[in-house]
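Participant: Submitted below is the structure of interest, expressed as structure tokens.
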């Protein structure tokens with residue numbers, strides 16, 4: 001789960017991680033009130049769950065009260081488009097006003113779960129304020145990775161490595177060590193998948209301050225994170241993903257043209273590869289799960305069809321706990337309730353596959369059967385090129 005920058009900084013304050021003084025505002029009256037307690041210049045920062053806000057015009061520095069109010073008026077209610085929002089953008093309903101600070105250097109620092117190495121990794125780079133993915137692609141040698149055994153935690157040599165990567169002076173070693181330990185503790189305490197500071201700044205008087213803050217947490221751990229549950233912002237959820245969650249469907253909306261429905265995350269990933277192989281792009285990730293019933297299949301089908309970008313659908317099921325006849329019943333129910341305007345390719349094997357195929361054959365639906373994954377890829381490719 002993602003939280004807003006202002007919420008991440010609330011957590012930072014709990015762990016004595018330095019952040020600028022700031023106030024959250026949702027309207028111009030609150031902005032005018034905030035100006036009475038904040039010192040100029042003031043940064044006006046849009047609060048949405050996406051990076052690249054500055055490039056999209058969602059972060060402005062006001063040097064006078066008049067400028068701050070004007071920038072706030074411009075940003076509140078705007079549809080902010082960044083590389084992470086897609087062309088439709090996100091509507092800004094909250095802004096963070098923060099006191100400006102004197103910046104001597106901008107750095108990048110993050111702690112994340114490294115799934116390839118099965119450890120926690122500190123990422124350090126001197127190119128702060130930039131898109132770290134762009135730096136990794138163009139100059140990967142500038143990024144330091146310090147791998148930490150989660151059973152042991154960060155040791156002094158780990159922190160020294162990070163400090164050297166960031167070229168932080170020896171005089172700041174103790175402050176930096178306290179900073180890392182606090183950040184790491186926050187990371188563990190809140191079941192985070194990533195904590196990112198971009199930029200981490202060194203001020204002209206040699207203070208370390210988190211100018212920005214991003215905290216992503218493991219949604220599977222939310223049952224024990226009541227504080228984070230309260231930080232969830234439904235307005236930032238994708239409507240289709242929110243609808244899918246009501247039916248316990250693991251759905252992630254993507255930007256492609258082929259919808260897919262699969263049981264099992266691994267098979268879903270393989271199916272997305274097959275779609276790419278066909279020269280198309282997946283429109284979603286949808287794992288209906290092993291215990292799905294006809295109603296859940298129907299709802300998954302309906303959610304896929306609600307995406308106007310979908311030009312074809314690939315259903316790939318290996319019947320086990322989810323029997324093929326149950327899948328077929330769900331598809332038939334869904335087709336009876338929605339207007340099926342796109343071709344559907346079905347590949348299913350496993351438990352009750354014969355019964356499932358009979359149900360589909362008797363339904364009268366114009367469905368395209370595939371014998372295996374390669375056949376499914378060929379049929380999808382043919383459909384999209386005809």
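Glycine residues also receive a Cβ, built from the backbone N, Cα and C atoms like all the rest.
Keep in mind the model is a prediction, meaning the values are calculated, not measured.
Swiss-Prot lists 45, 52, 53, 54, 98, 101, 106 with the feature ATP binding site, giving sequence analysis as the kind of evidence. The feature Mg(2+) binding site is assigned by Swiss-Prot to 198, 212, with sequence analysis given as support. The annotation substrate binding site is assigned in Swiss-Prot to 263, 320, 321, 322. The domain 'ATP-grasp' annotation in Swiss-Prot covers 9-243.
Could you place these features in context, so I can see how deep they sit and what lies close by?
Facilitator: Mapped onto three states, the DSSP output places residue 52 (ATP binding site) in coil. A 10 Å cutoff on Cβ-Cβ distances gives residue 52 (ATP binding site) a total of 15 other Cβ atoms nearby, all chains included.
Within the same chain, residues at least 6 positions away in sequence whose Cβ sits under 8 Å from that of residue 212 (Mg(2+) binding site) are 5, 196, 197, 198, 199.
With a 10 A radius on its CB, residue 322 (substrate binding site) counts 25 other CB atoms from all the protein chains.
Summed and averaged per residue, pLDDT over the domain 'ATP-grasp' (9-243) gives 93.
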Participant: Residue 101 (ATP binding site) has how many other Cβ neighbours within 10 Å of its own Cβ?
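Facilitator: A 10 Å sphere around the Cβ of residue 101 (ATP binding site) contains 19 other Cβ atoms.
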Participant: Just to verify a number: CA distance, residue 54 (ATP binding site) to residue 322 (substrate binding site), in angstrom, no decimals.
Facilitator: 47
Participant: Between residue 321 (substrate binding site) and residue 53 (ATP binding site), how far is it from one CA atom to the other, in Å?
Facilitator: 45
Participant: Within 10 Å of its Cβ, which one of these binding-site residues (54, 320) has the largest number of other Cβ atoms?
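Facilitator: Its Cβ has the most other Cβ atoms within 10 Å: 54.
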Participant: Based on Cβ atoms within 10 Å, give me the single least packed residue among the binding-site residues 45, 53.
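Facilitator: Candidates: the binding-site residues 45, 53. Fewest Cβ atoms within 10 Å: 53.
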Participant: Determine the Cβ neighbour count for residue 321 (substrate binding site): the number of other Cβ atoms within 10 Å of its Cβ.
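Facilitator: Other Cβ atoms within 10 Å of residue 321 (substrate binding site): 13.
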Participant: 98, 106: which of these binding-site residues has the sparsest Cβ neighbourhood within 10 Å?
Facilitator: 106
